[in-house]
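Taken verbatim from TrEMBL:
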- 503-513: compositional bias 'Basic and acidic residues' (COMPBIAS)
- 23-466: domain 'Major facilitator superfamily (MFS) profile' (DOMAIN)
- 494-513: region 'Disordered' (REGION)
- 16-36: transmembrane segment (TRANSMEM)
- 71-92: transmembrane segment (TRANSMEM)
- 104-124: transmembrane segment (TRANSMEM)
- 130-152: transmembrane segment (TRANSMEM)
- 164-188: transmembrane segment (TRANSMEM)
- 194-215: transmembrane segment (TRANSMEM)
- 280-302: transmembrane segment (TRANSMEM)
- 318-338: transmembrane segment (TRANSMEM)
- 345-367: transmembrane segment (TRANSMEM)
- 373-400: transmembrane segment (TRANSMEM)
- 412-435: transmembrane segment (TRANSMEM)
- 441-462: transmembrane segment (TRANSMEM)
Amino acid sequence: KQESSGCDEGPKGKMTLLLALVALISAFGSSFQYGYNVSVINSPAPFMQDFYNRTYLNRTGVPMDSSFQTLLWSLTVSMFPLGGFFGSLMVWPMVNNCGRKGTLLINNLFSIVAAILMGTSEVAKTFEVIILSRIIMGIYAGLASNVVPMFLGELSPKNLRGAIGVVPQLFITIGILVAQILGLNSILGNATGWPVLLGITGIPSLLQLLTLPFFPESPRYLLLQKGNEEQARRALQKLRGWDDVDDEIKEMLQEDRSEKEEGQFTVFSLCTFRGLRWQLISIIVMMMGQQLSGINGVFYYADRIFQSAGVDSNSVQYVTVSIGAINVVMTLVAVFIVESLGRRILLLAGFGFCCVSCAVLTLALNLQNTVHWMSYVSIVCVIVYIIGHAIGASPIPFVMITEMFLQSSRPAAFMVGGSVHWLSNFTVGLVFLYMEAGLGPYSFLIFCAICLATMVYIFFIVPETKNKTFMEINRIMAKRNKVEIQEDKEELGDFHTVPGGQAEKKEIFSSGL
């Protein structure tokens, strides 16, 4: 499927059927629903608000006043990213105690409960349940958005890690597209169909709950955190499709030795540890850049931009679907090019496209009343923006968290990265309407500046990680952090104290090797 990565030196990892299946099942069962629930309430919004109104009227005998309705609706929308933030906070304890696969399985319960509650809310005549379910769904998505990339990144051979790492993002975009299609007025986006639309989100979870137990747990988790070499070896042999996995086991043990003295990182120790300083800053910058670069704003504006270009208001929903489709296609392209072009190029190109299209969009939106062809320019900008976000800004940061951290710090890093991701998402959702009211089209200049700043940072700081082992990436970053990495016995001769650290414990090596 994705073997054309152009990096097949010797018996490097190939895409085995098992690896492809576990990637598809974990991405469809978890990431898909993140995307689905991001966009599912956009099209049935008027019918749901009407239901809120009717329920309130039946209970109190007075109609709901509009400010209360606005409050309830913004809660319905924003509880999802808030739940996502809480979900991210659960990543570290859960993946360390239950394993990566175990966390995904337990997580499905959140989604199934929320789906049942949302699907039956109309019959039960309660809108509070919808708002509660949005929080539960958010917690689900917060865990899923972090655990799936971590799980798949740890299962993949290094020459497929990028391609497989983009798969969760591909399924997020497919989820968005499916929700847009099912939400068309003629399908489920109507007065009778919306509870079904909200309820079917439980189906992928159910499928994952039934199938994922038959697949192996992350070999790195089994070996480095559970200390079970036999199980790890068996899992690797299954995933790689051959018996000789000694090199990978050796590489994992080497990684284990190099980080023995630090133990498992908590979020606090991660934030204060000098040896991971630039990695931490990098993922925070990339995650903020990803969410604050205005993707929500562009989606929000898309309908209006197309209407002003003369698209009939009944057809606008089909235009939204076509944008969703472009998003999917370009993310699929990213799956195939991330191994040949590398992560840096895609990040720089992605944020570059977004930056330029935001700048031109500001101009076009301001001039479209005076210059008639400007509205077509804004359509092109929206499309270029979506392409840029889909090839770089959306998928790559999650791949980079997996790659820039070793086993002991990865869960804490995902927790930090995920929390930043969801808090930024929540902030944009909250602030954008006010920004739009105050600044109008000029709000895109802020997004343009954020994209530019992220791009400059990536250009100077973030290294290329394509086709490197986690240890090699760690060595590159250690130079940037100005710390030494302790490795094997041969290199111990010229070993000296890490600046600001303490002399390394040499016993680990003699006994460990």
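From the backbone N, Cα and C atoms, a Cβ is placed for every residue, glycine too.
Computed over the domain 'Major facilitator superfamily (MFS) profile' (23-466), the whole-number mean pLDDT of the model equals 93. Counting residues 6+ beyond its ends, the transmembrane segment (130-152) has Cβ neighbours under 8 Å at 22-23, 26-27, 30-31, 33-34, 37-38, 48, 72, 75-77, 79-91, 94-95, 100-101, 103-104, 107-108, 110-111, 113-115, 117-118, 121, 164-165, 167-168, 172, 198, 201, 218, 398-399, 401-402, 410-411, 414-415, 417-418, 421-422 in the same chain. By the count of Cβ pairs under 8 Å, the stretch nearest in packing to the transmembrane segment (71-92) among 164-188, 373-400, 412-435 is 412-435. Touching of the transmembrane segment (164-188) and the transmembrane segment (345-367) is ruled out by the presence of fewer than three CB pairs under 8 A, sequence neighbours closer than 6 excluded. By the Cβ criterion (under 8 Å, sequence separation of 6 or more), the transmembrane segment (280-302) is not in contact with the transmembrane segment (16-36), since fewer than 3 such pairs are found. Ranked by the number of CB pairs under 8 Å to the transmembrane segment (16-36), the listed stretches 104-124, 194-215, 345-367, 373-400, 412-435 are led by 194-215. Sequence-distant neighbours of the transmembrane segment (104-124) (same chain, 6+ residues past either end, Cβ-Cβ under 8 Å): 26, 29-30, 33, 51, 94, 98, 130, 132-134, 136-137, 139-140, 143-144, 147-148, 151, 194-196, 198-206, 208-209, 212-213.
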